[in-house]
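Working notes, beginning with the structure itself.
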Amino acid sequence: MWSAAYAAGAVIAALCPGLAFGYGAGGTWRGTAAEWTLAGTYTVAAALGYVMLRRPGLRWAPAAAWGVAGLAVLSGFGFLFSPALVLKLLSRHQPPVDWAAWANQGVVTAGALLWACAALAHRRHVLGTCAHCGGRGRRSAVHLRTRAGWAAVAALVPYTALKTAWALGLRTGYTGENERPGMDEYYAGDALIWLYDHGVDITAVLGGIGMLLALALTLPWGRRLPRLPLLALGWTGAGALAPFGVFLLVYGTLLWAGVIDGGFEGHARWVVALAYGGFSAYGLALGRATRTYQLATRRPCGHCVPPGHPA
């Protein structure tokens, strides 16, 4: 149903160019051609969903469903960075936020989640396990532990420490002429500049929040917090920062090797490779911590465990 509705919206957007539905692919490809392409693609996806309902035993269907989910993630990837809108709203000289595109990315991200769930459920049906829990609901997972949260904290330490050091007046790893390393006064708002001049870099604060999230998913005190918000934040952070960190790590390594030049003028090559590349390690570790937390806090499945029966 979601794919059919999304495809129908793309058709309407293509036929009525004046309507701001925010359709696009990859965050940059927009216009009528992109809208017709998305309409055709998700029409095929809707047909796939119908086939999966009618033929639940098809072994190739889960792989196709994962392909649709991956395509949706690519289209809505920018939505995973929604917290960065806070920085944009606190900045100046920024292009206006395309709220229609942002909302569309949110819709397609929700579609990616639905397709991932459909792929899992179909795969479990093929294997003959519970479509809701995969059979894990029959056993308790409270004993699960992981050190991934601490690994995520360690991955963010270089970035957070470096940005804090710059805000405190040190110039470690920075050789440029800017009096405020790591900050562009042309774009930064007055509030961000004031905080920076008092030793607080807002991105370092966000890094600290990211560390707390990783620890909440790992340590016992996190079990007393609401489960769904933690899972949403954990999977969003992992899905956004793991691939983003890979890009920064590769880019920084190429800078370090002298293969390319530009983009981080005034920064030592190790800064981009180590501090910014840590985002990838953080995203991977956060994904592991989130998955362990999800399993450890899962309630017994009511579909495959009878009510009142011990898990």
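Glycine is no exception: its Cβ is also placed from the backbone N, Cα and C atoms.
It should be emphasised that the depicted structure is a prediction, and the values quoted were computed from it without experimental measurement.
The transmembrane segment annotation in TrEMBL covers 36-53, 65-87, 99-121, 148-168, 202-221, 233-258, 270-289.
Residues 83, 87, 90, 146-150, 152-153, 156, 159-160, 163-164, 167, 182, 192, 195-196, 230, 233-234, 237, 282, 285-286, 289-290, 292-293 of the same chain lie 6+ residues outside the transmembrane segment (202-221) yet bring a C-beta within less than 8 angstroms of a C-beta in it. Residues of the same chain lying 6 or more positions beyond the ends of the transmembrane segment (148-168) and with a Cβ under 8 Å from any Cβ of it are 174, 180-183, 196, 199-201, 203-204, 207-208, 210-211, 214-219, 271, 274-276, 278-279, 281-282, 285-286, 288-289, 292. Here the transmembrane segment (65-87) has long-range neighbours at 3, 24-27, 38, 41, 45, 48, 52, 97, 101-102, 104-109, 111-113, 115-116, 118-119, 122, 192, 202-203, 206, 236, 239-240, 243-244, meaning same-chain residues at least 6 beyond its ends whose C-beta is under 8 angstroms from one of its own.
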